[in-house]
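So Swiss-Prot lists these for the protein:
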type   : residues : note
REPEAT : 64-93    : repeat 'ANK 1'
REPEAT : 97-126   : repeat 'ANK 2'
REPEAT : 130-159  : repeat 'ANK 3'
REPEAT : 162-191  : repeat 'ANK 4'
REPEAT : 195-224  : repeat 'ANK 5'
REPEAT : 227-256  : repeat 'ANK 6'
DOMAIN : 273-323  : domain 'SOCS box'
Amino acid sequence: MEDGSVSYGFKNIFITMFATFFFFKLLIKVFLALLTHFYIVKGNRKEAARIAEEIFGEISDCWADRSPLHEAAAQGRLLALKTLIAQGVNVNLVTINRVSSLHEACLGGHVACAKALLENGAHVNGVTVHGATPLFNACCSGSAACVNVLLEFGAKAQLEVHLASPIHEAVKRGNRECMEILLANNVNIDQEVPHLGTPLYAACTYQRLDCVKKLLELGANVNHGQWLDTPLHAAAKQNSVEIIHLLIDYGANLKCKNAQGQSALDLAAPKSSVEQALLLREGPPALSQLCRLCVRKCLGRNCHKTIHKLYLPDPLEKFLLYQ
């Protein structure tokens, strides 16, 4: 009986200690949250972000300091947005994560709101803590109109490697029109980013057939992917036979090996349609195909523009242009 009382006493002590620890931990988090709010009110967002990181372990998508301007831009309420601007609201207010109203407008594809913000001095190349620019958000939403407006106001189409890449985002989501606008503004068609590879590699990974076609047509390097992995390697892991044939037609090398020493055929699922397509194309290409690849290589990346200047018979010109 006495042993039971001792055991019960220890149990109560343990529960009390645990409850006290939990209470103090909760109290500290509440205090830090209040301190974060204080710094936001005072305008010291950098310190607020640091404290938020202490609370959450990483800077999370905390929207506690979203302004009415952010809400108006996100919802595409142009009249409300213009009213707030007329009242003197700063168009470059940002959240803890450095998300501006322009980021919100572009993510929602609200071109009228984006233009109003830009006309009133919004930073066109503002970067969030996650490396996203308004142009990246516009490509994410697939708004070609927003992309055009941003470029008109001086948005950088080609960004540093450590920032989120607009062209890769456009390709990932199959937003071909946004991709074409960026390429027309001198974005490197073979830009490689560490986690996505080149735009062509990304298009093959996400099976965006339209983007694959256009990138190849515009002269993307068919064998440049992600380090030693080629676009054909990426396509072989998926199930699009049409992309496999497209890549090989444009000169993809079936014998290329990745870092693990694997060819595209090694990566294809056994007895799949992709494996069959690769096996069928393993042999030597036709002489006409070799000639086409040779002519296009001699003319360079802009062959789609220069072939017309050769004044070739129409059927031959169409063959060289894969039409």
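If you go along the chain as it appears here, the first residue is 1 and each next one adds 1.
From the backbone N, Cα and C atoms, a Cβ is placed for every residue, glycine too.
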Residue counts in helix (H, G, I), strand (E, B) and coil for the repeat 'ANK 5' (195-224), per DSSP?
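Tallied per class, the repeat 'ANK 5' (195-224) gives 16 helix, 1 strand, 13 coil.
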For the repeat 'ANK 2' (97-126), what is the mean per-residue pLDDT, to the nearest integer?
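Averaged over the repeat 'ANK 2' (97-126), the predicted model reaches a pLDDT of 96.
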